[in-house]
């Protein structure tokens with residue numbers, strides 16, 4: 001694609017050249033908090049790690065000693081929900097083979113549902129026909145105990161296209177669970193309520209870890225070693241996350257956003273949460289830090305081009321990024337120069353940190369940034385010309401890239417270890433179907449909650465407005481129908497992930513993890529822009545340890 005220029009692709013003379021009134025975003029809720037956050041002493045941390053190591057081996061022996069399918073399924077799902085499974089990948093993979101080969105198709109709805117959920121989530125090709133036996137002669141699902149229906153409900157959200165039985169299972173179980181909810185006791189009541197809000201498969205792993213510990217503690221069948229290890233593991237991860245937040249905050253403060261770029265959203269802690277939700281296991285520390293920095297840059301670009309820069313300034317910035325050279329800073333207005341130089345400096349630091357064997361990955365990252373900005377310039381042209389794409393499909397040709405989904409995935413893989421190859425980096429940048437489905441999901445989820453806010457000023461038309469015009473319906477009707485399209489995107493992502501056999505499981509798993517974070521951040525509101533809504537959650541995740 002040709003680089004954006006200041007001539008043919010630029011704005012008409014005099015158009016949009018008055019400096020815009022930037023929207024008023026609330027200031028940072030965190031400031032320097034993580035720069036002065038006091039972690040436990042080295043002696044305290046060493047004691048925690050020593051105890052955790054003992055418990056880790058106890059749980060390992062439990063996994064090795066599990067033989068019956070029901071026992072294996074329950075144990076692995078519990079470890080996944082408590083975010084302990086990454087400690088036992090080899091042992092769990094061995095047990096998953098046992099579960100898969102069992103071909104269990106008995107009449108226990110709870111077990112059939114949980115087995116299906118576990119295997120499909122872990123990438124196994126299992127048939128949804130196992131649920132047909134739980135229908136009556138009229139084709140309706142037969143009522144069962146609440147625990148079994150909850151398991152069926154959670155399993156059904158791993159549906160792909162053509163699985164009518166799972167579509168029907170969701171409708172049936174949702175209605176019954178809603179009717180029964182007020183009559184349930186703890187902890188089942190909390191489980192059902194949480195599932196109706198967000199099905200188990202769609203929950204952000206770090207949040208599920210935090211939220212499930214107190215539920216598991218109330219479970220009559222809880223194992224004390226697993227519970228204690230889960231609490232220690234949470235607290236140790238919290239120390240790691242807090243340390244990474246200190247590093248990211250230090251990096252962010254160097255940019256002096258509050259004085260140099262006061263019109264952008266100052267959300268470094270929220271960015272870290274959003275991005276770490278996509279790769280939260282401890283071994284992905286480098287990915288989390290790279291992701292946080294990249295999405296902080298995306299935020300600056302988005303807020304600058306959307307709401308502050310003139311069209312001419314926007315094209316100047318786009319050309320400078322296309323050139324990707326310090327000499328291009330001369331193209332820019334003063335307020336953009338520090339940001340541009342810091343962008344280049346940060347990318348150079350990525351190359352140095354990755355070393356000679358992995359620094360090639362940063363090339364793909366640069367190309368993803370350039371591609372993002374090229375699509376931004378197309379949206380600026382739409383805005384300046386008051387152009388509304390005729391169809392949603394036309395809009396998405398531009399906006400599924402400009403939302404940044406490809407760049408996020410590229411950033412995640414750049415920071416991972418030897419599992420990521422040049423083949424994977426090329427795949428991310430190649431318009432792969434799974435990457436496109438993810439981009440569409442992010443775009444539609446974003447636009448549902450941001451359209452009303454953004455249209456208070458002159459702004460590029462959203463997918464919602466495009467859909468309204470295409471189908472001659474109201475905004476509320478368009479949002480409801482687009483929500484159905486996001487459900488379609490979930491189906492696409494799951495089936496495309498299952499089909500991606502030539503790549504390691506971490507590839508489709510990472511895409512789905514980021515889909516979960518997007519679902520959370522855009523559910524009901526834009527929690528990134530209006531981050532008061534998640535302040536308490538972030539405090540419980542990064543500041544308050546779990547009581548032992």
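From the backbone N, Cα and C atoms, a Cβ is placed for every residue, glycine too.
Annotated by Swiss-Prot as motif 'DDXXD motif', the relevant range among 302-306, 307-311, 312-316 is 302-306.
The two recorded residues residue 450 (Mg(2+) 3 binding site) and residue 302 (Mg(2+) 2 binding site) have their Cα atoms spaced 13 Å from each other.
Each of 399, 402, 403, 404, 447, 450 belongs to the same chain as 302, 306, 443, 446, is absent from that list, and has a C-beta within 8 angstroms of the C-beta centroid marking the substrate site. If you compare every pair of Cα atoms in 302, 306, 443, 446, the residues listed for substrate, the longest distance is 16 angstrom. All chains included, 21 other C-beta atoms sit within 10 angstroms of the C-beta of residue 306 (Mg(2+) 2 binding site). Residue 443 (substrate binding site) counts 27 other C-beta atoms within 10 Å of its own C-beta, drawing on all protein chains shown.
In the motif 'DDXXD motif' (302-306), the DSSP tally of helix, strand and coil residues is 5 helix, 0 strand, 0 coil. For the binding-site residues 446, 450, the greatest number of Cβ atoms within 10 Å around a candidate Cβ is found at 446. Long-range neighbours of residue 302 (Mg(2+) 2 binding site) (same chain, six or more residues apart, CB within less than 8 Å of its CB): 376.
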